[in-house]
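J.: Have a look at this one.
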Amino acid sequence: MDRDDVPWRGYWPAAPTPFTADGALDEDAWAELLRLYLRQGVHGVLVNGSTGEWFSQTPAERRRVAEIAVEVAGRIPVVVGVTAYTQDEAIGLAEHAAATGAGGVLATPPPYVHPGPDEILAFYERVSSATDLPFMVYNWPRGVAVDLGDHPGLVERLADLPNVAAIKDSTGDWLKMLATVEAVADRVRVFGSFLHRRGLAVLLGLGGDGNIDGGGLGAPFAVPFYEAVARRDEEAARAFVDRYAALSSRLIRPDYSGVFASPIPQLKAAMAELGQPGGHVRPPLLPATGAALDGIRAALEESGLRAALEPAGASS
């Protein structure tokens, strides 16, 4: 399996999982959010990833989230996150995703374990081969304290695994991500940090396939950006990516931390401000309040996102 075996490209939200105020999984809000993504024209969706608070869900809840996602949004690629603290749990979630009809699965190395390169490779060999689904390797040093790019040759070895079709490189170090593109983009899809002018130059000249973006707030700018890239309309792409950057720079730092609050509470607060069904966070996360909310509101206004969404909201 390689990059040509999957239609994975463009702008995908890493979807948040909506919870009610008392902490229950909000299935109705989840389905509503997926329908919103479809209306926005996103090119795929990742569920039960880091933004999806997989770490706060039971295995049964994670399975239900995946089932609803495939049922509602299955006409676009649905990739299910199966990251877990144990290899066996990751394999079980991958097998469930396959039985549900998902388009693929994704996992980081196990959190907290700090595995070495041979252990990382062995883990991905076992989890990626547990099903016939296309597999996306997820490099997420902020979440697991391991950067795949720190180990020479490891990314290439992972890309050569039979079921690996993509790598999501969220290293936070742009030059390391660029090295991933150079090393393996001819073989597998590479999702990374491309939503800025440097990223546009890389997409047009070197390679890379898309962004998987926490929450998908930037869809009004990022979806048309990737459509412009696909038709190699550099002028239109620059215009849209500048609008996206005006939003993202106000909310997220280069290391993926939030400007006003932890990233997920910040995201869900922004979605609530925009009338989007992101729901509440679960402990240990806390909702954004006070000055953080004021900053989030200002960012939505100053970036032009609220204004960009108004026509769609008015017509619904």
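Positions of Cβ are set from backbone N, Cα and C atoms, glycine also.
Okay, these came from TrEMBL:
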type: ACT_SITE; residues: TYR138; note: active site, proton donor/acceptor
type: ACT_SITE; residues: LYS168; note: active site, schiff-base intermediate with substrate
type: BINDING; residues: THR51, ILE212; note: pyruvate binding site
J.: How big is the gap, in Å, between the Cα of ILE212 (pyruvate binding site) and that of the residue listed as 'active site, proton donor/acceptor', rounded to a whole number?
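T.: Rounded to a whole number, the Cα-Cα distance is 11 Å.
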J.: Between THR51 (pyruvate binding site) and the residue listed as 'active site, proton donor/acceptor', what C-alpha distance do you get in Å?
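T.: So the alpha carbons of THR51 (pyruvate binding site) and the residue listed as 'active site, proton donor/acceptor' sit roughly 13 Å from each other.
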J.: Would you count the other CB atoms within 10 A of the CB of TYR138 (active site, proton donor/acceptor), including those on all shown protein chains?
T.: 26
J.: Write out the long-range same-chain contacts of LYS168 (active site, schiff-base intermediate with substrate), meaning residues 6 or more apart in sequence whose Cβ is under 8 Å from its Cβ.
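T.: In sequence order, the residues whose Cβ lies under 8 Å from that of LYS168 (active site, schiff-base intermediate with substrate) (at least 6 apart) are LEU46, LEU106, MET136, VAL137, TYR138, ASN139, TRP140, PHE191, GLY192, ILE212.
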J.: Just counting, how many other CB atoms are there within 10 A of the CB of THR51 (pyruvate binding site)?
T.: 24
J.: How many neighbouring Cβ atoms, not counting its own, are there within 10 Å of the Cβ of ILE212 (pyruvate binding site)?
T.: 26
